[in-house]
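Each remark here refers to the structure printed beneath this line.
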Amino acid sequence: MAAVTYELIKTCKQTGARLGKVHTPHGSFDTPVFMPVGTLATVKGMSPEELKEIDARIILSNTYHCYLRPGQDIVKQAGGLHGFMNWDRPILTDSGGFQVFSLSGLRKITEEGVTFRSHLDGSKHVFTPESVMDIENDLGADIIMAFDECAPYPAEYDYVKKSMERTTRWAKRCKEAHTNTEKQSLFGIIQGGMYKELRIESANQLKELDFPGYAIGGLSVGEPAEIMYEVLDYTAPLMPADKPRYLMGVGTPDYLIEGAIRGIDMFDCVLPTRIGRNGTVLTSNGRVIIRDAKYSRDFSKLDPECDCYVCRNYSRAYIRHLIKCGELLGLRLTTWHNLYFLINLMKQVRQAIMDDKLASFRDEFYLKYGYTK
């Protein structure tokens, strides 16, 4: 039996969105779910205990970054990421593919793998499907991702086709190299850029490899929202209904809701932590740039409808003061609130699916948030 399994609980009659539960060796989590990103074995500014307080059920960490610092051997010696960072709930690690391919001029792609230079010190390294499986095995996450090539946007058809075909061959090599199947589940990643024919081909080829879960990669890389939704419209239905469906690197409120409507179960993004550190907060009435002068005497809470620790205890004026002064507490408070906002949003999405009202919820949320469909 696979280490990670999916249980479908309900399908929304209004939209077709899925309410489910993913079971892992470190516990279960309800879906659709947003996963906070802990790139270097930490969600920036948040302790594991604080993540539990905001009800984060699963977090993501990054293979590329943990391989470079502190190194897979140190993490393995600590008992994997769970022991190293004192987190006893599920963890997902990406394969590092996106980071390696983002290095652009610092890397070279061959059929064997990718040769790249560290962004830290320029040292030379090689990632192959086999070496990435070895690293992810040592990191010890419950869900590990196959090593894939993420094509840029825009990209020519011929380039994307070759890239997608290589990703499929690498996925097969990853599956052959992954032996720790009782403790970890390996997910395949559907690629193909913005080309329908290639997405369909990728999905069908990966389904033949029978992974315990599937992800859609190569989206939210600069394409317009309507193109991303179009790709989801024809790709998500091709993914097995009895396995988790993961949309990689997506985390704005509208993307989360639209992804759920299209049958996606799992999402991750650095957005809430990154914009939080820059002084932007997510609220039920849209984004608030808290460093703006107009909030200097605003003693109301960040979001009038939020009951998180930050909103219960601190004002906009105080948080603006902290951010303007470069105080670490300010960055922690905005990060805390933003993560809570998205985790709570997904709770509302799950309830709306249960009530068969997700489309209605979307319309009400968009109206208040300031989105247009």
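Counting starts with 1 at the first residue shown.
Cβ atoms are placed via backbone N, Cα and C, with glycine included.
Given the structure is predicted, the values throughout are model-derived calculations rather than measurements.
Substrate is bound by Asp94, Ser95, Gly96, Gly97, Phe98, Asp148, Gln191 in Swiss-Prot, and the record lists one more residue there from Gly45, Gly122, Gly218, Gly222, which is Gly218.
For the Zn(2+) site, Swiss-Prot gives Cys306, Cys308, Cys311; the one candidate out of His178, His337 that the record lists there too is His337.
Range with Swiss-Prot annotation region 'RNA binding', chosen from 11-17, 165-171, 249-255, 298-304, is 249-255. On the backbone, the CA of Gln191 (substrate binding site) and the CA of Asp268 (active site, nucleophile) stand 17 Å apart. Secondary structure at Gly97 (substrate binding site), taken from DSSP and collapsed to helix, strand or coil, is helix. Long-range C-beta contacts of Gly218 (substrate binding site), restricted to its own chain and to partners at least six residues apart, with a cutoff below 8 Å, comprise Cys150, Ala151, Tyr153, Gln191, Gly192, Gly193. In this structure the alpha carbons, written CA, of Ser95 (substrate binding site) and Asp268 (active site, nucleophile) are 14 Å apart. For Gly96 (substrate binding site), other Cβ atoms within 10 Å of its Cβ number 25. In sequence order, Phe101, Met145, Ala146, Phe147, Glu149, Cys150, Ile189, Gly217, Met248 are the same-chain residues whose CB sits within 8 A of the CB centroid of Asp94, Ser95, Gly96, Gly97, Phe98, Asp148, Gln191, Gly218, the residues recorded for substrate being left out. This prediction places the mean pLDDT of the region 'RNA binding' (273-277) at 97.
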